[in-house]
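Notes to accompany the following structure.
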Amino acid sequence: MIVWAAHLAAPMVGLWLLISRPALDGRWHHDAAHFWLVLAVAAVSLTMAVLVGEAARRRADIRLFLVGLSFLVAAAFLALHALATPHMLLGGPNELFASASPVGLTVAAVLAAASAVDLPATLMRWSLWLGVGAFALAGALAWLAPPTEALSLIAFALFAAAALRYYALYRERRAVMLLSVMTAFTLLAESAVAMAVGRNWQASWWEWHLLMAAGFGYVAYSAWVQYRNEGAAAGLFSAVGAEYTVRRLKAEYGAALEALVEAMRGGPRASAMEVVARRFELTEGQAAVLSRAADALAGERDQIRKLGALVAVGRDARVLVSDVDLLEGAARRIAEAFEGYAVQIGLVEDNRLVFRPSLACGSVQIDSVREAQAALKCREPLVDAYGNLVLPLIVKTHPAGVLIAGRGSVVPERDAALLKSLAAQLSIALENARLYRQLDVLFRQYMSPDVATALVADPSQAALGGAVVEVTSLFADLRGFTTFSEESTPGQIVTMLNEYFDVATKVVLGQCGTVVQFQGDALMALFNAPARQPDHALRAARAALMMQCAVDKIAASRPGWPRFRVGVNTGEALVGNIGGTQLRNFNAMGDAVNVAARLETRAAPGQVVIGGSTLDRIGSSALVTPLGDLMVKGRRQPVPAYVLNGLREEDMWRS
């Protein structure tokens with residue numbers, strides 16, 4: 001830009017030298033040269049006016065319209081100035097020769113400055129009246145005949161303002177035609193200065209003619225070069241347009257590219273290209289470039305879609321799911337991502353490779369099951385006689401299945417690489433799914449489902465330590481168990497415990513409680529840990545009553561079996577994993593838990609005793625018999641205790 005500014009400043013330096021040193025300001029009076037020079041400049045300006053005006057009409061762009069109108073007004077008054085050249089068409093000096101150029105240049109400057117403003121597109125409805133108004137203004141100025149110096153000053157200020165605004169636009173868009181228009185307006189501003197101070201028929205006077213010729217000529221030359229490069233005139237002045245035109249063009253180009261991308265995916269590509277080329281008046285070269293861009297974009301999106309399948313297969317493995325469900329989802333996702341491909345997955349079941357219909361998307365012609373078995377045996381990808389890619393699925397060094405993908409011909413190298421990655425990801429997904437199921441079964445056999453689910457989802461929760469939360473603890477043991485054990489065989493003892501603990505566990509889990517441990521004939525359960533329950537005290541009370549009801553039914557036919565006594569209490573406790581680095585257990589520790597254990601010892605067989613804190617949280621729905629403040633072992637302060645007889649408006653525990 002510094003070089004550009006230096007070149008544009010040179011005419012002003014030259015003008016200053018000519019004016020400050022009159023001896024250098026030589027005189028050359030040649031009517032014919034003037035006539036043909038100005039007429040040629042007018043013709044160039046008119047040509048630019050027509051081209052820009054056509055672009056304005058096609059785009060409904062007010063900025064382009066005003067630029068074109070500015071060129072048209074300048075062309076008209078330059079033509080008048082040329083025709084008024086003395087001794088050419090007219091006999092001698094005349095007023096039109098002196099006034100035409102200043103008037104035309106001033107009106108052109110007004111229009112140029114207006115074009116630099118961000119005007120609404122609705123002004124295009126008034127385009128005819130704007131043109132009439134511009135020529136009416138020129139007529140009024142010609143009739144008023146203000147001093148040339150005044151008109152030149154106005155023209156200079158307006159052209160300079162327009163040039164500055166177009167410079168700002170050029171910094172945003174960096175388009176050749178924007179630079180050309182900015183340069184033209186700068187040269188026209190300089191010509192206005194030369195017009196005001198130049199002496200007729202002397203070098204300073206000829207300078208403004210040359211500056212105008214350079215201004216319009218530069219725009220014409222830039223347009224010609226742009227046309228030669230692009231081979232079409234439709235988009236020559238698009239960058240000069242208003243912001244809304246530029247946005248609309250970008251949207252249209254984007255829509256055209258999207259249409260082409262869709263065509264690349266199997267639609268009528270040639271016809272789509274023809275429509276786009278005709279819509280934007282593209283040359284064959286431009287259409288070819290756009291086609292390559294659409295090819296690249298289509299390829300990129302295709303790659304993203306296929307990589308998305310890879311991610312989705314990995315995500316599906318993060319939940320408890322059967323092998324068949326996992327592979328059904330994988331087959332569907334792979335077929336959706338790899339358009340035109342048929343996909344089939346075989347699964348090893350009982351040491352046999354089985355192809356389930358539900359694990360196939362599309363029809364895959366398999367040369368023979370032997371090909372798939374060969375891929376499993378060598379654990380390497382194979383290509384069968386139909387061009388299908390046969391990929392083994394390996395889980396912990398053992399064959400687990402095969403992924404077969406084909407499209408009726410040889411699979412391209414890029415797709416083959418992605419399919420191999422998918423097969424590897426699918427192998428990992430199978431391994432993870434099986435591991436999750438094994439862990440889930442293992443955990444649920446030894447701990448509450450809530451604890452098992454929490455550990456499977458987040459193994460870090462198995463770390464030592466925990467958090468202090470309010471819980472309701474439930475303790476139950478069998479009164480008379482020692483006597484029963486003395487009189488029974490070990491087998492009978494285990495049968496009794498299993499039957500009692502089975503119904504007790506079902507009751508606790510039915511109320512979303514957590515069975516923490518079995519210890520001899522005792523059971524401990526927690527509510528509000530690890531899963532949070534706003535009504536944990538009520539759930540624990542309900543579970544205790546239902547437990548006694550279920551045990552009563554069992555004991556009714558076995559009169560010699562002992563009965564449960566249950567204690568329930570609510571309060572804060574440290575809940576988490578307690579133990580050592582080699583062995584640990586999920587548990588709760590705290591005074592409230594100890595009180596629950598002590599209350600259980602104060603209950604009679606078949607009875608539920610709750611603490612005062614539990615009653616406070618249950619509220620009026622609890623049907624209780626007060627036991628008063630009890631002194632329990634290991635505690636200095638008494639504990640308010642109550643026998644829980646039932647829950648008001650609830651009778652399901654009796655069933």
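Counting begins at 1 with the first residue displayed.
In case you wondered, yes, glycine gets a Cβ from its N, Cα and C as well.
Nobody curates TrEMBL annotations by hand; they come from automatic prediction.
Copied over from TrEMBL:
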type	residues	note
DOMAIN	472-600	domain 'Guanylate cyclase'
TRANSMEM	33-52	transmembrane segment
TRANSMEM	64-84	transmembrane segment
TRANSMEM	96-114	transmembrane segment
TRANSMEM	126-144	transmembrane segment
TRANSMEM	150-168	transmembrane segment
TRANSMEM	175-196	transmembrane segment
TRANSMEM	208-227	transmembrane segment
With the greatest number of Cβ pairs under 8 Å to the transmembrane segment (33-52), the stretch among 150-168, 175-196, 208-227 is 208-227
Contact set of the transmembrane segment (208-227) with the rest of its chain, CB cutoff 8 A exclusive, min separation 6+ beyond the ends, reads 11, 34, 37-38, 40-41, 44-45, 47-48, 51, 71, 74, 78, 101, 105, 176-177, 179-181, 183-188, 190-195, 198, 233, 236-237
Counting only residues at least 6 beyond its ends, the same-chain positions whose CB falls under 8 A of a CB in the transmembrane segment (64-84) are 34-36, 38-39, 41-43, 45-46, 48-53, 55-57, 90, 94, 96-97, 100-101, 103-105, 107-109, 111-112, 114-115, 119, 124, 127, 130-131, 134-135, 138, 181, 188, 212, 216, 237, 240-242, 245
Contact count check, CB pairs under 8 angstroms to the transmembrane segment (150-168), set 96-114, 126-144, 175-196; argmax is 175-196
Confidence over the domain 'Guanylate cyclase' (472-600), expressed as mean pLDDT on the 0 to 100 scale, is 91
